[in-house]
Amino acid sequence: MAEISQKPFQDELKGLDRLRQKFRPALLYVVSFAQFFDIVNGASVSVAILPIAQDLHFTVPQVLWILNAYTISFAGLLLVSGRLGDLFGHRRMFMFGLFWFALWALVVSFSTSPIMFILARALQGMGAAATVPTAMALIATTYPAGPERTKAFSIFGAFGGLGAVVGILLAGGLIASIGWAWIFRISAIAALILLALSIVVIPVAPAKTEKPKVDYLGAITATAGVTGIVYYIITGVEYGWGNAKTIPVFIVALALIALFIFIESRVQSPLMPLRIWKLKSFTTSVVLAFVSMAKFQGIIYYANMTFQEVYEWSPIKTALGFLVHALLAVVVFTILGRMLPRLPLKPLILTGFLLRSATALMFSFVDEHTNYWALPFPAFIIHIFGVGLSLLPIQITAVRDAENKDQGLVGALYNTGLQLGAPFGLAILNVIAISTNGNTEGAVRGGPALAKGFHNAFYAMVAMGLFGFFLALIILPWDKPIRPAVHKNVSTPSLASTAVPTHSASTIEPKDLEEVLSSSEIVGKPFSAGNDIDTSTIDSHSDKIDRADDLEKGRL
């Protein structure tokens, strides 16, 4: 009876394989474009700060919140959104994020006052918080560890790198033509198109056998704690990190994070299972992501300031100065996507941090007399190679060892590291630059004279790159390239092809596979070979597939 019942189950698995294979390319590009437009939106707004402030009559203290409102809500809700995706389905959370992002981007575009803009921008950040970690989770759960996943994340990263500079180009063109409001309207239209495509290309998640349990107390303390830390980092530059307006927020935020960790160690269904931090490669990757994004944000910001203040370029000319960075990102990330599966990741990460330090060092010699083609242009070429060699392998390392049920959480924590790193790095660099140029009477207010402070900020970026290098050198394990496992004597080829290779050398034995198959509820149900495959039935038994995957990885 078991032998008869296994064949329909194998046929269903083959059908599931065909379905996943059919939609894989489209799914990858949908989630990659979602990240692309999110980054385009953020980069565009950073360029459009002045016109937005002028049109909506922002006061000087309010101007900071054009960027801060979005950053704080985005970073604060990443952890909760990523875990909710694990519990209720990555597809559902991803699509909700796209809808919410589009809705409030549209509202932002029609803002008539600073308060309306800030509130709508904060709500828009909530949509991005739901989209980004689940996008990573969809890739990690769709593509098995090894060459396929590496190539997929390389494409995903290429779209992100392209978006950072396309945003600058787009903002310059829109501001000069039809106005800043179209930055948000284009973002809304793009998100709605991606939402429609998601309905078709992202497979429906299998129904949960048990109702997911939400750790509400953990969600509240985590969101409030992370939000408070981000607020402290961002506003500390303006008010002072020891100021009465900021230090109480920081103390409360730290207390909430400590309470959150205590709660997670006690509850039955934690928002963030502490076991995730036992994965050494993941923990190190989050720290390296923090350092990497701190340095990346610094290079982009101070290169932009160098062009506009030291070279005194217009926004359009500044955007064109970044063009080589954007175009080369696509080429470099595509090439790396083909090479990374065959190479050990640690040497690449080390090389990447050294190249990025070299980039900062080159920019530290730029003044008003330096030709663009002599230093900034080759520095950008070196930088994009450095980013590709470091950030892409870090991202791949972060998701590599986590189980599918934790991929949303992994994506959320990884992106939280990125989001905390960006404002923290910029805050440190701003303090260095401002303290050099002065902020009292007689201080440098603009023009090429600002180059002295910028140079010191670039020196600090050299130190950041070296810190990342030594951190990776000391902590990150020397892993070999992850290759697809070769399966022998497996009675179900489709199951073998979807298994996730790990460091374990064990392979699934036929008798173990038979045990998993025979224990499935599908055994004994009649099927006709000529009938169409019911994909909902396939989804309902995906937990059996996961059990077989776990068995192959030596977990059962």
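Please read every residue number as a count from 1 along the shown chain.
Cβ from N, Cα, C; glycine included.
Taken verbatim from TrEMBL:
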COMPBIAS  540-556  compositional bias 'Basic and acidic residues'
DOMAIN    27-480  domain 'Major facilitator superfamily (MFS) profile'
REGION    528-556  region 'Disordered'
TRANSMEM  26-50  transmembrane segment
TRANSMEM  62-81  transmembrane segment
TRANSMEM  93-112  transmembrane segment
TRANSMEM  152-176  transmembrane segment
TRANSMEM  182-204  transmembrane segment
TRANSMEM  216-234  transmembrane segment
TRANSMEM  246-263  transmembrane segment
TRANSMEM  284-304  transmembrane segment
TRANSMEM  316-336  transmembrane segment
TRANSMEM  348-366  transmembrane segment
TRANSMEM  372-392  transmembrane segment
TRANSMEM  413-436  transmembrane segment
Fill in the blank from the handout: Same-chain residues at least 6 beyond the ends of the transmembrane segment (152-176) with CB under 8 Å of its CB atoms are 28-29, 31-33, 35-48, 51, 135-136, 139, 142-143, 182-183, 186, 300, 304, 315-316, 318-320, 322-323, 325-326, 329-330, 332-334, 336-337, 340, 384, 387-388, 391-392, 395-396, 399
Practice task
State the residues, same chain only, that lie 6 or more residues beyond the ends of the transmembrane segment (413-436) and have a CB under 8 A from a CB inside it; answer 'none' if no residue qualifies.
Solution key: 71, 74-75, 78-79, 82, 132-133, 136, 226, 229-230, 233-234, 236-237, 272, 276, 282, 285-287, 289-298, 301-302, 395, 398-399, 450, 452-454, 456-457, 460-461, 464
Handout entry: Feature contact check the transmembrane segment (372-392) with the transmembrane segment (182-204), CB under 8 Å, 3 or more pairs
Key = no
Practice task
May I ask whether the transmembrane segment (93-112) has at least three C-beta pairs under 8 Å with the transmembrane segment (26-50), counting pairs 6 or more apart in sequence?
Solution key: yes
